[in-house]
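Annotation comment: TrEMBL describes 1-362 as domain 'Glycoside hydrolase family 9'. Taken from TrEMBL, the feature signal peptide applies to 1-18. What TrEMBL records for 340, 349 is active site.
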């Protein structure tokens, strides 16, 4: 959720013209605020932050409406004895990005978020550990595979962008060196922020050539070295293939806006977004375009109106009773195969982070066109 909020905020800040043209700026701010209000409430002490509610296996085994849940749903936190640098630093990044979003329209709220962001970053930096080693239940579904070094750098860069306090730029440089962040990025995702670090450093340290060079090489690597489906989707990971393509499309459009390999980056991003929107004969966005998904792996939209029970609706062969407008489903396999099947969660799951950079990429395409 923190990465989702960061990416939504980034899209609102750097593709503001596209958001305004689409009439989405107010909706975007409201969506970000829904998340950041929660983050502020979850920060209950200087070195304490609640990072998960519920048990992963119990929640996944339950098929029904969220308001009908009756099982145990414990709250899990990180603190000074069981810290989580990646979680705290990513939430700091989200709050810092949101502070920029709200700087002009609600300066008091912006200031509140910056204060909490700075406390969370201090927590992340001083008490170092991967969050999934502390919130152990999270390791089953959202393990911190890439460690916390990328988040320490990413969070510091967002705080520097929001505050212009040189301390955070220094922290970003320290994390870059300590964790050798200049190479090895194979994706840009909720887990791995290295490519995003390249972009922010390019913006904030424009005279240092190593940062745009790292961003150019990452984008080249994805374009030229990764496999593609027969229809042209770059295939980075089978889990949420559309999401991964959209994340890189966002960075490609952002790089093009900075004047970097403009035509190459725009053409690549356009091909990826157009694939998702329906170039292969059907859309992957629910409620949009030609033959969109009707049976996403999504509990509440698959349930009928209450008081009718949701029992058995996971196996319902028909469309979900409710249309989850705008949600991006996982996408095809490497051979380009995709079946609209609720039980196939690899290819039909929806998630907040699936839509986060995708939204910004759409705004970027509006600006391009």
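If you go along the chain as it appears here, the first residue is 1 and each next one adds 1.
Just so you know, glycine gets a Cβ as well, placed from its N, Cα and C.
Predicted automatically and left uncurated, TrEMBL annotations should be read as such.
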* Asked: Measuring Cα to Cα, how many angstrom lie between residue 340 (active site) and residue 349 (active site)?
  -> 10
* residue 349 (active site) CB neighbourhood, other CB atoms within 10 A -> 19
* Asked: If you run the three-state DSSP split on residue 349 (active site), which class comes out?
  -> strand
